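To start, the structure under review is shown below, and the notes come after it.
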Amino acid sequence: MSVPVSQIPSLKAKGVIMRRNANYHPNIWGDRFINYVPVDKMNHTCHLQAIEELKDAVRRELLTATGLSQLNLIDAIQRLGVGYHFERELEEALQHVYHKNHYHDDTEDNLYSISLRFRLLRQHGYYVSCDILNKFKDEKDNFKESLTTDVPGMLSLYEAAHPGVHGEDILDEAIAFTTTHLKSLAIDHLRNPSLASQVIHALRQPLHRGVPRLENRRYISIYQDEVSHNKALVKLFKLDFNLVQSLHKKELSEISRWWKELDLANKLPFARDRLVECYFWIIGVYYEPQYSLARKILTKTIAMGSIIDDIYDVYGTPEELNLFTDAIERWDASCMDQLPEYMQIFYEALLDLYNEIEKEIAKEGWSYRVHYAKEAMKILARGYHDESKWFHNNYIPTMEEYMHVALVTSGYTMLTTSSFLGMDNIVTKETFDWVFSGPKIIRASGTIARLMDDVKSHKFEQERGHAASAVECYMEQHGVSEQEVCKEFYQQVGNAWKDINQDFLKPTDVPMTILMRVLNLARVIDVVYKEGDGYTHVGKVMKENVASLLIDPIPV
């Protein structure tokens, strides 16, 4: 339960100030993740040796596999999240698939294999014409009804259609066709429980839009039960997952101690205390071991950004927010005295964090990056300030006005910028200049974040007092129902996904490693806001997701 406003010291001298209170529920995890028990060194060494041997075994099979067997192995490696061990081999294999047509044999010229090939190539940025799917249509230009008996093929086509771009009507038709029939099959006709489970999950969460690490964890239970599974790959995944999970636990322990020492949850009780959920969010952006520093930096950044959001959205008065915005704009400790006490507490912590980040990354010669991160946070604060003024003035902007600001307050430009702070030298000054140029892929990611957030959270926000969301703005401007607005927004979200997919096609403006952060940020939103605001209101699904990635190891 939130501490009453009257207990915050800065308000005692000013008398009672009427403030909103969102009554956010407290942190549900307590100190669970603070205490980290390191892996036994001997076991750790044995696991590393075993992983190297298994990698060699999988690599040999990847290099010798051909045709559909090769595609299935590539797919399994990626869906189990161990692709980062085989980046060069996977890229060479897919280049070969792209440049050489493997489909002379009729046994491999079927719905499943063609859809799989299409998806794997599209996911790696290779343009493959969707016209290859025309062979599965009848004389009336509809997908053949006979396809509905091929459930693995239908599922493969469904997943393959999601990396589509604008103008590919056949992929939209494929999603509609497969969705309709797979729903019916899952309910009425599938006697194979494993296949039924795959279908139900895919309909709820398409692979292309899922959080990679969650999909890795889920897929092992399916893959290891397949008769044709690769035994070395299964063993590699289990050892690798547990080893990486141990690293994640260590990181979260370090971040949790930092958070507890700041004590912002007690000092600023009006704000959401969601550090564990923040870390889960960032695992969605990058889970691989080489991004350890980047994960720790980005988790701390998103946690501070969440409090800034609540200062503007929930607690600050117009006068205080003017001072706060000015202080962030100036980014100078001398601004501290002009702020009320609760803002001083936060402002000092914010400046300390960025000083800490700069000191850490200066060791690698990356000090220049912090300037961009600060600028992104300043832009975010300005956007929050604009929205707070709309609320206090009872102003409902047009959709055009709203989205101009809302793409900023989605936080995704700030998070994208900050996601590069701790990455290696593939990130350059030009990378940050690219972000600040407002590329289509980042605008699309922000659109997905903003519209999905607004659709799922606007009722709660309006009840406790909040600036008009996209839902209210659209209803006011166009005179339509909430149901019609949501339908329109989901269409816009679908279009934004096509924008992201388009920018992934080679040749790309920036390296794929950079683009992957933007894609993964959009994926996290799709998962966290699937059934509601899973960040603000931590429910059963979020608890299970956190447990699967940060608590429960894989039985070996």
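Glycine residues also receive a Cβ, built from the backbone N, Cα and C atoms like all the rest.
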Seminar exercise, completed: Here Swiss-Prot annotates motif 'DDXXD motif', and of 64-68, 79-83, 309-313, 354-358 the range meant is 309-313
Seminar exercise, completed: Checking the binding-site residues Asp309, Asp313 for other Cβ atoms within 10 Å of each Cβ, the smallest tally belongs to Asp309
Exercise. In Å, rounded, how far does the Cα of Asp453 (Mg(2+) 3 binding site) sit from the Cα of Asp313 (Mg(2+) 2 binding site)?
Worked result: 14
For this session: Sort the residues of the motif 'DDXXD motif' (309-313) into helix, strand and coil with DSSP and give the three counts.
Result: 5 helix, 0 strand, 0 coil
Exercise. Hey, what's the Cβ neighbour count for Asp453 (Mg(2+) 3 binding site) at 10 Å?
Worked result: 23
Problem set entry | Averaged pLDDT score, the motif 'DDXXD motif' (309-313) | 97
